[in-house]
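Note sheet for the following structure.
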């Protein structure tokens, strides 16, 4: 009897996924090389070196996840995503630095340098962590990590001032402590790459808020920027407070629920409001009301958005009624979940065309509401906690494997981040030249149009699958075509957009990001808009 062949590796670590990871890595290298070809400075060289190092360290993380040797419990059914996540913050900093340098804005040029340096150091830390806990110690990867780390530190030494170095180290320290706390409290909610993006972003926001709070200058800074910083830090601190509190008491009782609402009001009115008052030097509630109802256009937009929010709630209630009448095991289809993508596109496009500042503030408010409702659902706060659990369970997919439901929050972030991160001070006319004029539309194009069309057409008409994935060739090609049509419509309806014959770059950017959507196992709602924004800003 011939000897039996060994069984293939279990789970997602098989050969097909390895091919998908390799193609995903090639696409990320394509983005890095494209940015490097345009910028071509010491930071773009560091980004290339970091990409090479992250490519090797990514396989160490994948092996740790497969063998269950990672320090924390990460999201299953996905690879580590270290390479695509490691390049986002550094590349954002590089292209922001270049855009602001061209506009002559020295302060924001230095800010881009700090962002790029911080992103490189955070990515390097996560790679070192993977190498450190891998047994036996991978000698070649250790040598490569040491060389790349030395290059990055040498570049930072000759590029950053002492205060900027301290700022970068502060963000790294916050990231380390925040990672230890949140990854322990929220198992299976993130991959290592997603943790790098989310927790790295929160760490940077917290450090910026502390820095600006200690150096308040009256009349300096845009109130809507302070509003974003305070809102993000406020909801994170609120979640940490209640997580610690409800480890000692049952959160599902009426007494705990009353205490939850009372403490939310106390923290909001007693901590967050005074903090925001110190930054903007005026009453936050009066400022917000005056801002929202300042013009008639804003009243029309708010009324329109209210109707869309009501229609989204109607979809949720209708689908749950349909589940009750059909089967308790009924789950919403992919096409049904994409209804919300269409609603979000219908929400963001008028805001981008008519009033981007209002859209900026409204997106911050929606993020705060979404996170607060997730706290209510997660802690089962009465009277709506259990109802939210029942209603939202219909829309779960394999990415919601942890205790939190984050896909709808990622959708909001993916649409909003290009608006929030748009360098307004480096665009005096309200729009960047060339392809950069489409930067605020990155979320609409990548997620609202591209991802939605790819999913709908791929699941209904797709037959030819990309090697190593469940995504189809037809879905990707349709997504690229739909995004090109969307760009044409933006040119027609938004007079501030002037592409200056940069059509080839836009087509290449859209194609690269659409292919990345087909091969990545990370949260595409979060990753794709950031990569499209990087390409368009470059």
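Each position is counted from 1, following the chain as shown.
From the backbone N, Cα and C atoms, a Cβ is placed for every residue, glycine too.
The transmembrane segment feature in TrEMBL is assigned to 20-38 (among others).
Annotation source TrEMBL lists transmembrane segment at 107-131 (among others).
A Cβ distance under 8 Å defines the sequence-distant neighbours of the transmembrane segment (137-156), meaning residues of its chain 6+ beyond its ends; these are 42-43, 45-46, 49-50, 52-53, 56-57, 60, 117, 120-121, 124, 127-128, 131, 165, 168. Under the heading transmembrane segment, TrEMBL lists 137-156 (among others).
Long-range neighbours of the transmembrane segment (168-186) within the same chain, counting only residues 6 or more positions beyond its ends whose Cβ lies under 8 Å from a Cβ of the stretch, are 71-72, 74, 114, 117-118, 121-122, 125, 156, 160, 195, 199-200, 202-204, 206-207, 210, 240, 243, 402-404. Annotated transmembrane segment per TrEMBL: 168-186 (among others), in sequence order.
What TrEMBL records for 226-246 (among others) is transmembrane segment.
Listed by sequence, the residues of this chain that lie at least six past the ends of the transmembrane segment (258-277) yet keep a Cβ under 8 A from its Cβ atoms are 213, 226-227, 230, 234, 237-238, 241-242, 245, 251, 283-285, 372, 379, 381. Here TrEMBL flags 258-277 (among others) as transmembrane segment.
The annotation transmembrane segment is assigned in TrEMBL to 339-354 (among others).
Taken from TrEMBL, the feature transmembrane segment covers 360-380 (among others).
The transmembrane segment annotation in TrEMBL covers 401-421 (among others). Tertiary proximity for the transmembrane segment (401-421) is limited to same-chain residues at least six positions away from its ends with a CB under 8 Å from its CB atoms, namely 75-77, 92, 186-190, 228, 340-341, 344, 348, 352, 356, 359-360, 363-364, 366-367, 370-371, 374, 377-378, 392, 395, 439-444, 446-448, 523, 525-526, 528-530, 532-533.
Under the heading transmembrane segment, TrEMBL lists 441-461 (among others).
Residues or ranges marked as transmembrane segment in TrEMBL: 473-493 (among others). For the transmembrane segment (473-493), same-chain residues at least 6 beyond its ends with a Cβ under 8 Å from one of its own Cβ atoms are 353, 438, 441, 444-446, 449-451, 453-455, 457-459, 461-466, 499, 506-507, 510-511, 514-515, 517-518.
Residues 12, 17, 20, 23-24, 27-28, 30-31, 34, 77-79, 81, 84-85, 88, 92, 191, 193-194, 197-198, 399, 406-407, 410-411, 413-415, 417-418, 434-435, 438, 442-443, 445-447, 450-451, 454, 466, 468-469, 471, 475-476, 479-480, 483-484, 487, 499 of the same chain lie 6 or more positions beyond the ends of the transmembrane segment (505-532) yet place their CB under 8 Å from a CB of it. Taken from TrEMBL, the feature transmembrane segment covers 505-532 (among others).
Within its own chain, the transmembrane segment (20-38) has Cβ neighbours under 8 Å at 44-45, 47-48, 51, 55, 58, 62, 79, 83-84, 87, 91, 94-95, 98, 466-469, 508, 512, 515-516, 519-521, 531, 534-535, 538, counting only residues six or more beyond its boundaries. Note: the stretches the transmembrane segment (226-246) and the transmembrane segment (360-380) are in contact (3+ CB pairs below 8 A, sequence gap of 6 or more). Within the chain carrying the transmembrane segment (360-380), a Cβ under 8 angstroms from the stretch's Cβ atoms is held by residues 224, 227-228, 231-232, 234-235, 238-239, 242, 246, 251-252, 256, 260, 264, 288, 291-292, 302, 305, 351, 386, 388-389, 392, 403-406, 408-409, 412-413, 415-416, 419-420, all 6 or more beyond its ends.
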